[in-house]
Amino acid sequence: MGQKKKKLAKGRLDKFYYMAKEQGYRSRAAFKLIQLNKKYNFLGTAKACLDLCAAPGGWMQVASKYMPVQSLIVGVDLVPIRQVRNCIGLTEDITTQKCRTEIKKALKTWKVDVCLHDGAPNMGTSWVQDAYQQAELTLHALKLATEFLTTGGWFVTKVFRGSDYNSLIWVFNKLFKKVESTKPPSSRNASAEIFVVCQGFLNPKRIDPKLLDPKFVFKEIQEVKKVDVLSEKKKVNRAGYEDGVTVLYKKGFISDFVNSNEHLQDLANFNAFEFDEAAKIFEQHELTTPEIKELVKDLKVLNKNDFQKIIKWKKAMAAYKEKLDNPDEEETEKPEEKKELTAEEMEENLQEEMKEYLALVEKKKRKEKKRQNELKRKHQRKIELTMHIPGDKIEETTDGDLYSMKGKDEFDEDIVADHSDISSDEFDSDDSDDDDDDDNNGDSKLIDDDEYLEQQLDEQYKLYQQRIRKKAAKLDDVKVKKDKIGQDGYNEDDEEFVEEQEESNPLLVGNKRKEPDAQAVSSLFFDNELFGGVEYRNPGDSESEPEQDGDDDQDDENNKPIDISKLKKQKPQAAQPITKKQKTTNSAEFGKQKSKYQKNPTLDDKDDQDDDDDKGNSIKGFEEVPVQEEVEYESDSDEDIDDKIKTKALGEFLIRKKSRQDLIDDSFNKYAFNDTGLPNWFTDDENRHNKAQTPLTKEMVDEIRRKIKEIDDRPIKKIAEAKARKKYRLGKKMEKTRDKASSIVDNPEMSNREKSKAIEKLYSGTDKKNMKPKKIIMIAKKSKTAGGGTGKYKIVDKRMKKDLRAQKNKLKTVGRSKDSSKKSKPSGGKNKK
């Protein structure tokens, strides 16, 4: 049978434990009260609350959060409670009169609307005693609640399921209108606790003291048996001695006891056994020990174990006697004689054994190979799903290996062997680190064991950062490609086609051409023949270079591929000074692109900056001048809108003195720490997760978002003026058209048909040829072919679009030449009437 698993402490660290840590609650029990309040909503309208057995203060935090502002909250416990905002903590015993006095001082003339109780006694004795102490503590809490609860108040308490549970429910029903038992989801299933919510305190003028007395409430009720007068009396049959027995002490013989099949009855009837002449063979047997001889002398004083020994000895003696009585029937086992094998048979046996052994070895190899392939497949799957980071593995070592520097090289080799599927960049970084370690091998022996472990953690964290940096670089490449597609004139459908083409098969990494980084592009750019005669200047030269103003453009060019053929065709030009207008234009464009691509800085920005500083400030003779920080222009992204909402809400908090002081007080919290010497991986994780909660409600955020939307939807002044002018011109035109139409209607010389045609032509404004709808030209997708159609849209490719544009321009020039020739000819012909 397997051993029973021992319950460990880490098994109790469930999701509510970590949620309490993240949200700043002092215990996971806070979520029990949150879920109870969500179901019954007793904290939303409460103005005063009394929390009994409140340590460490988790329920007080929840009450302060969900109760109205300026509510009175008092917490009582035997253990001192750390200060909770807007709460009063008392260190008293709820069973004493002193506790009642202190609560009255804290409440003054108030009556509480809600009384909470989440206390439990010291557990660890028997379950019956623990359950009784919990029920008794709940009754004391109820007694205290009846003194301070207002009419219609709530009482929420924790109760253990047990024999006293029904008694407590009976008492609750006497004092409250409605009593319900529930178990919130945050309460562990293994726990026997349940929560009783009592609603509508009756507040009677006089409460019977017996209702709150544990001795009376938990007293066991004994049912009184009813006396049956008509019951018949049963006559007891008394058993006497056996007939003809004159002596009560009986002795038996061992020979009869061994031969008897009813030995249990003999042990009950006889007081002792004697060894007679027939039992000499049993007395001399090796199993007949002095203990057996003493046991059979007095059978009435033996216990169960002694009787078992006698019965076991009796069976052994019976088998021994049967063996002596039938000696001829014993079959002697004779070993079989081994046949001598010939040389051929031995050779065949050897061949068969070899085949079996080879088959077994081959089977083990196949099994091991299958296991290795399965492990590799799982490992690769984890890497693809970003569930596992290469190099992020804790090696299991013994205590001797952990605290010694022996075998460090073998340990590093094992790490490299385990992570054979790491990319080439990671191998290069690992090799460089190993070379540095080999150079300083003599100094490494002096390193402390703790420092060695910290170095190992730092190396693992570097691999993790490289992984994040590569993912961020891929996202930047996708953004740059989108911009290139937009500059070439593609529409939104083409952008979606490019994204689908790139994301269709992310595993085919080898087929994609890697984009050149900034250093490779700059080296390729400066190796051109155009810069053959340029003289380089040192940073210390006093003369200023006009090219320094163009560094911003150079940074932008690093993100774009350079066409070498165009550079060769260009002629070298003399350096010209850049005007002030060009400087402002360049800086504005750089600021826009910077706000677009660096709006969300990653954790690796700081590391990239440090790496750039270590590399130096020159590339092949050219000095890299640090770019001044540009102002990031605002964008309409969701993150900027959230920042606006947060800023506006904090500004509203700063208007009033009380809210401003509360905001300043909240800034002094557990998140404000300034410890030095912490590792990078710890500080990065703290900065990402360990943040204080902003005091914003959902209603406040919705209201601010609505105001910002109203401001954004408001048109600018120029657009409003243009719309007004357009509306004014349209009104004037319609008024003029109405006047003309009325004059046509009043004309008596025109027939009704002529009038209708004239009015129709007047309102149409132009003839039907100009009113013919034009076809909208669309560029075909790469997945579609260009072709004609009779619908609203005409699908063309780039070449057809350019041809159509050229054809239209040619027709325009032909029309202009015809018009000029017509104007040169003298007018003639008949005039139309």
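Residue positions begin at 1 at the first shown residue.
The backbone N, Cα and C atoms fix where each Cβ goes, and this holds for glycine too.
Predicted, not measured: the structure shown is a model, and the values here were computed from it.
As recorded in Swiss-Prot:
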- GLY57, TRP59, ASP77, ASP93, ASP118: S-adenosyl-L-methionine binding site (BINDING)
- LYS158: active site, proton acceptor (ACT_SITE)
- 323-349: region 'Disordered' (REGION)
- 336-386: coiled coil (COILED)
- 363-453: region 'Disordered' (REGION)
- 363-381: compositional bias 'Basic residues' (COMPBIAS)
- 382-396: compositional bias 'Basic and acidic residues' (COMPBIAS)
- 423-441: compositional bias 'Acidic residues' (COMPBIAS)
- 455-485: coiled coil (COILED)
- 475-640: region 'Disordered' (REGION)
- 475-486: compositional bias 'Basic and acidic residues' (COMPBIAS)
- 490-503: compositional bias 'Acidic residues' (COMPBIAS)
- 542-556: compositional bias 'Acidic residues' (COMPBIAS)
- 557-566: compositional bias 'Basic and acidic residues' (COMPBIAS)
- 605-614: compositional bias 'Acidic residues' (COMPBIAS)
- 626-640: compositional bias 'Acidic residues' (COMPBIAS)
- 730-767: region 'Disordered' (REGION)
- 732-741: compositional bias 'Basic and acidic residues' (COMPBIAS)
- 751-767: compositional bias 'Basic and acidic residues' (COMPBIAS)
- 779-833: region 'Disordered' (REGION)
- 794-806: compositional bias 'Basic and acidic residues' (COMPBIAS)
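Features per Swiss-Prot, on structure.
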residue: GLY57; record: S-adenosyl-L-methionine binding site; DSSP class: coil
residue: ASP77; record: S-adenosyl-L-methionine binding site; DSSP class: strand
residue: ASP93; record: S-adenosyl-L-methionine binding site; DSSP class: coil
residue: ASP118; record: S-adenosyl-L-methionine binding site; DSSP class: coil
residue: LYS158; record: active site, proton acceptor; DSSP class: strand
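Between the compositional bias 'Basic and acidic residues' (732-741) and the listed ranges 363-381, 751-767, 794-806, the one holding the most Cβ pairs under 8 Å is 751-767. Comparing Cβ neighbour counts within 10 Å across the binding-site residues ASP93, ASP118, the minimum falls on ASP93. The Cβ of the residue listed as 'active site, proton acceptor' has 22 other Cβ atoms within 10 Å, all protein chains considered.
It is ASP77, among the binding-site residues GLY57, TRP59, ASP77, whose Cβ has the fewest other Cβ atoms within 10 Å in the structure shown. If you check the binding-site residues TRP59, ASP93, ASP118 against LYS158 (active site, proton acceptor), the ones with a Cα inside 10 Å of its Cα are ASP118.
Taking every pair among GLY57, TRP59, ASP77, ASP93, ASP118, the residues listed as contacting S-adenosyl-L-methionine, the largest Cα to Cα separation comes to 18 Å. Across the residues of the coiled coil (336-386), the predicted structure has a mean pLDDT of 85. The residues of the compositional bias 'Basic and acidic residues' (732-741), classed with DSSP into helix (H, G, I), strand (E, B) and coil, number 10 helix, 0 strand, 0 coil.
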